[in-house]
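Participant: Got a structure for you, written out below as structure tokens; questions coming shortly.
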Amino acid sequence: MELCYENVNGSCIKSSYSPWPRAILYAVLGLGALLAVFGNLLVITAILHFKQLHTPTNFLVASLACADFLVGVTVMPFSTVRSVEGCWYFGDTYCKFHTCFDTSFCFASLFHLCCISIDRYVAVTDPLTYPTKFTISVSGVCIALSWFFSVTYSFSIFYTGANEEGIEELVVALTCVGGCQAPLNQNWVLLCFLLFFLPTVVMVFLYGRIFLVAKQQARKIEGSANQPQASSESYKERVARRERKAAKTLGIAMAAFLVSWLPYIIDAVIDAYMNFITPAYVYEILVWCVYYNSAMNPLIYAFFYPWFRKAIKLIVSGKVFRADSSRTNLFSEEAGAG
């Protein structure tokens, strides 16, 4: 039996993986961190550099990418070592910060997705007046509130140790030298569940409404297309089609987030009421499903957004350093804006 810290009383037990499984785990988990960092960096760079992408929705997407980027930089590399080795080698202080960063950035992602669902609902249901309702200023307020609430919640619980109130004996029993755990007591886990559940209900309801409206609009356009005078698509129809496409892509991003998060949240609630009975390997799988979500959004954008693929080519090829590259037209006529 190998310990995290030899010759130290109360040391955690180190994982007993043989070399090949250990190398595979490092490769798989490390790949997730690299995708989260460089994929989201591409999203941020594209939106901030190309003036055509300076829209309220895209600023929300850029801030969401920033949260996922920070997960890839400050959380995933350290969690990779902890998950593979079974040990925390980065000190008690950074253990607290790691937990705070983890929770802050993940909840920031959730709140951003909720704001994006509101933005898409307004855009699809009322595309012509949308630009006057959801402005860049409104987007900025949404971004500020998303970051404020997520950071305040996380640091007020985990940095102060409030998460351990009432379960001190259990925490002592679970604690060993070389570990980094942050169990939530029953009160805080319920708040955590509500912070996840309420935005989720809002998102599911709004995207449900979006797709109902989109279906009605599609039928209306099909009906008007059969009329002789409808030889060309009207401006309103083009705008509606563009907004539906954006809503569909961002709806997929929301669905991916919920699928990644839901098992972890359910397990966290069960654990708090069952004295943390979840086996370590199950917990690690659930945590990494959440982490890997930070790498998924750039892949979703690359698959569904032609403008993002074009932006990637310009960034990777270095053409963004050319004069006036920020004014490059990323959209084809038929694609419309993202």
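From the backbone N, Cα and C atoms, a Cβ is placed for every residue, glycine too.
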Participant: If you have Swiss-Prot open, could you say which of Cys12, Cys142, Cys176, Cys180 makes the disulfide with Cys95?
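Facilitator: Among Cys12, Cys142, Cys176, Cys180, the cysteine that Swiss-Prot links to Cys95 by a disulfide bond is Cys180.
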Participant: Regarding the disulphide bond with Cys176, report which of Cys12, Cys289 Swiss-Prot records as its partner.
Facilitator: Cys12
Participant: I'd like to check whether Val84 and Asp324, as annotated in Swiss-Prot, sit on the same side of the membrane - that is, whether they share a topological domain name.
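Facilitator: Judging by the topology that Swiss-Prot records, the two residues are on different membrane sides.
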Participant: Near Cys176 (disulfide bond), meaning Cα within 10 Å, which of Asn9, Cys95, Asp102, Thr103 (recorded positions)?
Facilitator: Asn9
Participant: Rank the recorded positions Asn9, Thr103 by the number of other Cβ atoms within 10 Å of each Cβ and report the first-ranked residue.
Facilitator: Thr103
Participant: Look over the recorded stretches 59-80, 139-160, 187-208, 247-270 and say which has the most C-beta pairs under 8 A to the transmembrane segment (284-304).
Facilitator: 247-270
Participant: Would you mind listing the long-range same-chain contacts of the topological domain 'Extracellular' (271-283), meaning Cβ under 8 Å and 6+ residues beyond its ends?
Facilitator: 86, 170, 174, 183-186, 189
Participant: Of the recorded positions listed here (Asn9, Cys12, Asp102, Thr103), which is spatially closest to Cys95 (disulfide bond) when Cα positions are compared?
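Facilitator: Closest by Cα: Asp102.
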